[in-house]
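Working notes, structure below.
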Amino acid sequence: MHQLLKRGVDPNESDNYWHTALHVSASGGHEQCIKLLLEHGADPNASDAQGRVPLWEALSRGHRGAAQLLADGGADLASGDAELYARAAVEAGDVALLEDVARHGGDVTVACCDDGGTALHRAVLQGDVGMARALLEHGADADREDGGGRTPRDLAGQLGHRDMHQLFGPPSQSQHREAVESPIRRQGSGTEDHGSSCRPAVAVAARPAVTRFKSAPAARVPVAVAQHDGAGLSPSPSPSSSRHSSPRRMVSFRNSLFGVLSSSQVNRHDGAAGGGGHSLHERHTHSRSRVRVTVSCPEQGVGARKLVFMPETMAQLVELAGSQFGFAPTRVVTTDGAQVDDARLVRDGDHLLVVTHQWQRVPDTKIVHTNQ
């Protein structure tokens, strides 16, 4: 990485999801990489296509050393979808993470659900008195209404949370008048749904998995296909991609910061370092989406090849290649003819062949053909 940066590689280069090398380094807790990237001008507050910034990646995975380096370099949580961070902490039941969010500029009082509910509404729904107390200490309002006119105080009463009601204390006179009026105002509005429209938000890695769209359920980011010289596929545009006023250069080549960060050496170092990061499976899934491979189909002709992001499994690669080349391959082999059954064996920049079981390699040639 140091050599690439010295040669002038853009430290803010990104993939199709606007993840920068700093996002990847922060999520893995790679402190030396973070230092190098910041020293060479990486943007500490770069927001990816779904609103996450590098500091959130570090905090949500428990990499406190990495988070401190980013904060010292000017990172904060006000640059991304800040309203979702508090909600993620509440859904994880992690008061310490909520404190981190507030300390690093995240607003824990604003609406964070599709129905206008706040993190405090969510804490009441979960019956988490400790979380509600922490939110109140950071300015959350027990009498703030959501889109249906419900306040956290209302929800506590409806759900029978006496401890929560006691924590909120008596309402002010103005709020008391509103509380008398609100049942009439809300008649027939279907308010028996105690906030169920407040769907899961961004999540905490190594606790739940993270999503970042406000309207999306918790799910893994889909595998993307790279654009390369017009031959590859582009992922569907993200609804939040328009947030970026200036284009950031995307990565479509092997000799890149992403190639360094996705190498097995970095992944092994992350596993040895510990520090509360991803599990082995999560780290594998995280790195697979950034490994680029050239896929050829010798049975469709010499020119049938594409550069794609490596999916999570070989079966997914076979399915992807089949849809692109218009036939039904059954396996993946190397250019030497060795069958590849495990996606963990694939490295960034590898050249793979997708073929049927009838295909045979001609030993004395580099080009292969089928059905002898």
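We number each residue from 1, going along the chain as drawn.
Every residue, even glycine, has its Cβ placed from backbone N, Cα and C.
Positions annotated as compositional bias 'Basic and acidic residues' by TrEMBL: 175-184.
As annotated by TrEMBL, compositional bias 'Basic residues' applies to 281-291.
As annotated by TrEMBL, domain 'KHA' applies to 292-372.
The region 'Disordered' annotation in TrEMBL covers 163-200 (among others).
Feature annotation from TrEMBL assigns region 'Disordered' to 228-248 (among others).
According to TrEMBL, the feature region 'Disordered' maps to 270-291 (among others).
Sequence annotations record features per position, and here TrEMBL assigns repeat 'ANK' to 17-49 (among others).
Annotated repeat 'ANK' per TrEMBL: 50-82 (among others), in sequence order. Remark: secondary structure over the repeat 'ANK' (50-82) totals 17 helix, 0 strand, 16 coil, with classes taken from DSSP.
Look at TrEMBL and you will find 115-147 (among others) tagged as repeat 'ANK'. On the 0 to 100 pLDDT scale, the repeat 'ANK' (115-147) averages 92 in the predicted structure.
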